[in-house]
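Participant: A single structure is presented below for examination.
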Amino acid sequence: MSEYLFTSESVSEGHPDKVADQVSDAILDAILAQDPKARVAAETLVNTGLCVLAGEITTTAQVDYIKVARETIKRIGYNSSELGFDANGCAVGVYYDQQSPDIAQGVNEGEGIDLNQGAGDQGLMFGYACDETPTLMPFAIYYSHRLMQRQSELRKDGRLPWLRPDAKAQLTVVYDSETGKVKRIDTVVLSTQHDPSVGYEELKNAVIEQIIKPVLPSELLTDETKYLINPTGRFVIGGPQGDCGLTGRKIIVDTYGGAAPHGGGAFSGKDPSKVDRSAAYACRYVAKNIVAAGLATQCQIQVSYAIGVAEPTSISIDTFGTGKISEEKLITLVREHFDLRPKGIVQMLDLLRPIYSKSAAYGHFGREEPEFTWERTDKAAALRAAAGL
């Protein structure tokens, strides 16, 4: 019986790029809490002893950006110079400009050529769902995130006190070529920053027994499963001291782990007038509802936009041969049941709220948090009825 391998990865909240994402989204949330109509593109760079805040912000909100950045870094766990990055001691520089009026006139209702609220930029966005996990996410990315959440949990509650904030996980999964179903887990890679006091064998055993095995389905772990734990043998220096971190550098971790294409636009630090974020969320909402409705077991949707124009320039759907109805019919149903204009997306998913900080680590999709409206399956019944199933 033929098989194939597929791999996805996740990173912890202490990974330098994720530190940057979380600072950017914390600043976005602080602004939206006061000014829901603000225009925000908040970028962050973190390096040894340094946090740089830059981008374009147009708002009436009064926010202490430096305080928000320090509080976010501290919450992640970088609160001591021993860790190489200290929330209280690092320098924080603020370099925000305002949004270009040329862009603003294309987004503001009643301005520009299209008087509706237009897209904040051109671009293409994808959404995906499949039936491999309870939250309709691909297996490898779903469980990579769960491993990283488990590492954070054991670090923060003191059960493994020698853990430090930076970590990465990677899963290689074996699929049956005929059924497309997960057969077993081939390789688990988990690298975690740690105190210098802990020995390698103690660390390796604790990671396997207390992080990996409680998270991964035991029936998919076999005698052949390979465990690669801190494969270099040492990971003391990490976080922003080990690598420079930037907002928007973990876009595959943020989405589907490579199981679906990506349009290239990052999410964190962007208000929902930016279709890079809001339309990608809407695409996930569409794909998840199609799979939840039983119209397909796999669904990928692409939408595209032109700057300043409200209506999508294209909508396409691929169900990879699993659809119960044609893809043309699915597109018709999507147009009837989902408003994919920028303003429609914001209203449909209630996006003008300070809900984004939680999304900045452990994935934007496949987490049934109350704030994550794009994970609801409230359109599934109507889609199924309209499809005549």
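Any Cβ shown, glycine's included, is placed from N, Cα and C.
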Participant: Please state which member of Glu56, Glu153, Glu201, Glu327 Swiss-Prot lists alongside Gln99, Asp243, Lys274 for binding L-methionine.
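Facilitator: Record source Swiss-Prot; matching candidate: Glu56.
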Participant: Among all protein chains shown, how many Cβ atoms are found within 10 Å of the Cβ of His15 (ATP binding site), not counting that one?
Facilitator: 28
Participant: Relative to the Cβ position of Gln99 (L-methionine binding site), how many further Cβ atoms are located within 10 Å?
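Facilitator: Around Gln99 (L-methionine binding site), other Cβ atoms within 10 Å: 20.
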Participant: According to DSSP, folded down to helix, strand and coil, what is Lys250 (ATP binding site)?
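Facilitator: The residue in question, Lys250 (ATP binding site), is coil (DSSP, three-state).
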Participant: By CA distance, which of the binding-site residues (Asp17, Glu43, Glu56, Gln99, Lys274) lies nearest to Arg234 (ATP binding site)?
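Facilitator: So, spelling it out, the nearest of the binding-site residues is Asp17.
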